[in-house]
Each structure stands twice: as structure tokens, then as C-alpha cells.
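K.L.:
Take a look at this one; I'll ask things after.
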């Protein structure tokens, strides 16, 4: 009898919880419509995988890409709407959050065609790969709009767990397993440190979890200038430093880049940074509003270390992926200038603009590396020598993307860095901008060193990998070449059309 009553109570409680969740989704679902499209795409992928055979593999790519494109379209239709806080204050929708969501969706959309041929050649499980990519994208989108500490943590872990699984997707590769273990341990440690900082904020604000309410709570408890806030700031900055691969919290990055499948590295190298930047701008600008001088100083130190160490260590690398790992550490150091400047001198606008350019430059470079790796089986920089003699299109594409990453005019990277440094100079960050300029010149050296190798025609320098290289036609139906072409064109011409991009970025400021 007692068991029967307890069972009835459990059913009633479960029904109430379900009805409450359904009520929330019914009245707030329109505010997360782009995310709902991705959820529907995930469910559709699972259903087709359970009821189909290997012949239907093209459908998996089509469903994934279509759901991402429709989600982007839904975001664009919602542009310029009034800011809305939904789900009882847990989620915020505004232009600033949506531009980061757009960047994440754009990265994922470009990464899927980049992965098709790689998955077919390595015989990886296609459905699980696409599920992890879409789920990571979903987690990143929720992270961009999360308005309380719990939602931030859940969305961050949703993204992180999928990232760990993707990095170890080639289970038979020992390097991939090693990369996954390092990524998991370092990622788990960084999440723990971040949560420790959140707990300090929660306690000091009197038990508040919403970002704006934390500020009000700190004012009410008179704790906004207490030593506890400094402790919370240090913990959260360290946690964000790990997620952004800022020096000296960058040790995991080169090993994960080298050991993970190249399309996965391409995906993580941009989406993880966009999602973490969306979190950093909001978590530092809102709860730590009264400690702006302190977190500005911390970020300046991390940015200087990242720019110097990232570019110096990149010079010594022999692996293309490790070189790009250290290069990305230097690149994120430049982007931090935009966060420090803030919205007073178009700092956020310059950061968003540069991240858009960085997506095209970085993904274009990785597309070239994926193609070369599939055709030769090597990742060594020396093995790229003489590629221009065998595949001019691939060599020129890689050269343009590297030059854009280095910031040479008239490519997009030059205009992105120019505006970023100009905003920093206007804000009085003279030393930081000077370091950025010097390290940018340094980065051009190792990019040009690779380009010189690509264009060499001396037989004694050409390795057997290039001598036996399979020549590809100028026009190809290869999906990787499609992604590469789009990214190369964007890396070349986006800087010329910078004014409308800047206008859109300036509209996103909250």
C-alpha cells in the first residue's frame, strides 16, 4: 500500500515537472527557434540512422547542412528585434548574442563539407561525427545566450564534452587517444576552476545566479569591492584562459591539434574560441563591472604572453598543425585587445569583425591541410616543398590564407588587424598594440617561410610526397575544395567590403 502511494506521488510529481517544462517550451520556444531547428535536425539524424543503411550516407550530410543553413536563416530574420529575456531569466536574446551564434553556425556549416572526404577515406562513423558536431554547435549557441551561471555551465559542458569526443574520434590512433586524454583532463580542470569562481560570485551576491541580479546582489551586500571579488575574478579568468588557449594556459593546445583528426581541429579552432569569447565578454562586462581595471590588467598580461609565446614557438615547429596551434594562441592575443577596449571605442565591433575574418582564414588553411594530408599522408612542413609545381590551385589557396593570417595587405586579415589595433590605440593601449604589431611582423616570417617552400622548384628540396602527388583538376566536385574556395575568396575580398561589416558589428553592441 505504501509503495502504491509513493508510486502515485512519483507519477504526479513527474507529470507536474513535464507539464511545467512543456509550458516553458510552448511560451518561450519561439525565442530559441534557431536552436530548436538544430534539435529537430539531431532527432532526424538519429531516426534515419536507425532505419537506413550505408547507402543513405549522403542524406546525413544534407540534413546536417540544411538544419544549419535554416538555423542561420532564422537568426537573420530575427535580426534587430528588441532584446528579450526568456525561460524565467535563464536565456537572453539580443543582437550581440546572435552575432556570436551566427559565427558559430557559419563555422559548423563550412566544417561539414570540409569533413566529408576525410570521413570516407578514414572510414569513421558518419552519424556520430555529425551528431557531435551539431550538439557542440547547439551547446555553443546556448552558451552565447545563457543569462545565469547554471545555464552557462551546462551549455559550456555540452560543448566541451562533444569536443572531447570529437578529438578522440579516431580511436585506433594512439596520438588521438593521447590528445583526448590531455584535452579531457585539462578541460575538466579548467571547468572546475571556472565553477569555483562562479561559486564565489554566488555567495558574495547573496545567492543570485542571473548575471544582472549578481550585480544588484553585490551592491546590496556591499561586496563589489571586496577581496572575494578579486578571488572570483582570478578563478574565472584562469578558467576562461584555458578555454581560449591563452598563455600560460595553452599547454594542451598543440598536442590536441596534432593528435586530433584535422577536420575536428578546424572545427574546434574557431567554434571554441567564438563561444568562449561570447562568454568572456558577458561574464567580465556584467558581474565584474566594478572591477574593470583589475580584469583589464589581467587580460593585458595574458594577451602579451599569448602574442609573444604563441608567435615565438610557432617559428620552431615542424608540424603544420602544431604551427597553427601556436599561431592561434597568438591570434587570440590580438582578439583580447577588443575585449579590453570594450564598447566605448568600438572594441567589440573590431573583435567581431576580426573573428569573422579569422574564421575564413583559419578554415581555409585547414581545408588546404586536409586536402594535402589525404593525398600525401603527411603533416610535416618540409613535405610541402614544391607543391606549386604539382597543384598550383592548392598551393596558391594555402599561400593566400597564410598571408591573410599574417596580416599582409590587401587581404582581409590586414584590415581586421588594422581596425583592431586602431581601436586599441584610440583607447590608450599603446604598449599592448605595439606588442601586437611587433608579433604580427614576427608571424609573417614563419608564414612566408612556408610559402617559400610551396613555391620552390628545386628538385633537391622536393620530397617524395610531392613527387608522387596525385595531380587534381582545376575544377572538382570535391566538397573540401568547395569549402576551401569559399574561405579563400572570403579571406581575399572581405577586407575590401569592410564598411558594411563594421556597421553590422557596431549594431550588435549591447
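Note that Cβ sites are derived from N, Cα and C of the backbone, with glycine treated the same way.
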K.L.:
Quick check on the annotations: Swiss-Prot lists transmembrane segment for one of 9-29, 261-281. Which range is it?
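P.N.:
Transmembrane segment, as annotated by Swiss-Prot, spans 261-281.
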K.L.:
According to Swiss-Prot, which listed range is transmembrane segment: 208-228, 418-438?
P.N.:
418-438
K.L.:
Under 8 Å between C-beta atoms and at least six residues away from its ends: which parts of the chain pack against the transmembrane segment (295-315)?
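P.N.:
Residues 233-234, 237, 241, 245-248, 250, 284, 288, 323, 326-334, 336-337, 339-340, 429, 432, 435-436, 439, 442-443, 445-446 contact the transmembrane segment (295-315) from elsewhere in the chain.
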K.L.:
Most CB pairs under 8 Å with the transmembrane segment (261-281): which of 229-249, 323-343, 354-374, 418-438?
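P.N.:
Ranking 229-249, 323-343, 354-374, 418-438 by Cβ pairs under 8 Å to the transmembrane segment (261-281) puts 354-374 first.
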K.L.:
Establish whether the number of Cβ pairs under 8 Å between the transmembrane segment (484-504) and the transmembrane segment (354-374) reaches at least three, counting only pairs separated by 6 or more residues.
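P.N.:
Since 3 or more Cβ pairs under 8 Å link them, the transmembrane segment (484-504) and the transmembrane segment (354-374) do come into contact.
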